[in-house]
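What TrEMBL annotates here:
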- B:Leu20, B:Asn27, B:Lys157: xanthine binding site (BINDING)
- B:Ala129, B:Asn130, B:Gly131, B:His132, B:Ala133: 5-phospho-alpha-D-ribose 1-diphosphate binding site (BINDING)
- B:37-159: domain 'Phosphoribosyltransferase' (DOMAIN)
There are 2 protein chains.
Amino acid sequence: MNELKQKILTDGRLLDGYILKVDNFLNHQLDVGLLERVGEAFAERFAGVKIDKILTIEASGIAVACMAARHFGYPPVVFAKKTQSLNMDPDAYEVEVFSYTKQTTYKVRVSRRYLSAGEKVLIIDDFLANGHAARGLIDIVRQAGAEPVGLGIVIEKGFQDGRKVVEDAGVRLESLAILKSFEGGKVNFA
Amino acid sequence: MNELKQKILTDGRLLDGYILKVDNFLNHQLDVGLLERVGEAFAERFAGVKIDKILTIEASGIAVACMAARHFGYPPVVFAKKTQSLNMDPDAYEVEVFSYTKQTTYKVRVSRRYLSAGEKVLIIDDFLANGHAARGLIDIVRQAGAEPVGLGIVIEKGFQDGRKVVEDAGVRLESLAILKSFEGGKVNFA
């Protein structure tokens, strides 16, 4: 998606040569016009795929998933919650996810009320890096007996293992911008 | 807003007679079609008000603010982050907010990059109860030298102090549904 790649080049900030900050349009300040086109791009990529529900994870994923829902005929959007809590909630599907950036494990939860057996679920997230969060969301969908029909990612770090993790899990992956490297102190796309 | 009130009556769950759960369309699962009309309703309420930016707070507020932005000519949406961290970030506007439900204090932050002096800011949030979070967001806008031109709330608990807190802060408040009481085990609107 060209507009997105241009935005990454003009507005993304590369910290310490290897951390891409896009918090002026995706992770703290949101460019809702751009997200409209991001949602539209997902609808093109997944054209013809039956989707009953969109699943994402708080916080930034919520904006992307809502804008995508508009282009998929307004299926319900469910956002998984991140929590440090140790309590098991019997009414929730739950997985543990290891955060590489924070070097800690957190729990991801979705209430059993909002995922049902047989539902076809499109998972949407802002970033794909090592695939831990994506794998967790796929596991939650399968715990519910629902089917993860695809994973739509805004920015994929193509030099990390996320794609392999998602493909090994048997889920179709569509990323709108794939980063190849940060060589030369700049963002290079695949 | 009638559609919203109907949705609260049909889909809201009243726990223990005094906790209204609306997590099947606003706080966990999102009804994006309804949120479109919520955004439209805010645009009607604040018609003619100049708005440079929309400020909200993670997580549920993000969905509401994004759908509202579509009806205000796509101003940037900024979502404040909640954090337990004790570190002061010199690059962020920050307030402490007391959570009555969790009986604990948390920090709310917005990067200095994304609020500027002189900007006219519409604050959007899903709930108004005792007004602690709203007051925190108003304070952050003023720390930045920006102007809080209004607060748009989806559901106001009219029997709590939020409205007084916001009005005492000199900010115009527009709530789309105002709860009067939970008498008789059901939701009564103002």
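Every residue gets a Cβ built from N, Cα and C, even glycine.
TrEMBL does not curate its annotations; it predicts them automatically.
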Entries of B:Leu20, B:Asn27, B:Lys157 which, being binding-site residues, have CA atoms within 10 angstroms of B:Ala129 (5-phospho-alpha-D-ribose 1-diphosphate binding site): B:Lys157
For B:Ala133 (5-phospho-alpha-D-ribose 1-diphosphate binding site), the one of B:Leu20, B:Asn27, B:Lys157 that lies nearest, given that the binding-site residues are compared by Cα: B:Lys157
Annotated xanthine contacts B:Leu20, B:Asn27, B:Lys157, maximal Cα-Cα distance (Å, integer): 16
For the domain 'Phosphoribosyltransferase' (B:37-159), the mean pLDDT of the predicted model: 94
Neighbour-count leader, CB within 10 A, binding-site residues: B:Leu20, B:Ala129, B:Ala133: B:Ala133
Number of other Cβ atoms within 10 Å of the Cβ of B:Lys157 (xanthine binding site) across all protein chains: 22
Length of the line joining the Cα atoms of B:His132 (5-phospho-alpha-D-ribose 1-diphosphate binding site) and B:Lys157 (xanthine binding site), in Å: 13
Cβ neighbour count (within 10 Å, all chains shown) around B:Asn27 (xanthine binding site): 16
Nearest recorded site to B:Gly131 (5-phospho-alpha-D-ribose 1-diphosphate binding site) by CA-CA distance, among binding-site residues B:Leu20, B:Asn27, B:Lys157: B:Lys157
Cβ atoms near B:Gly131 (5-phospho-alpha-D-ribose 1-diphosphate binding site) (within 10 Å, other residues, all chains): 23
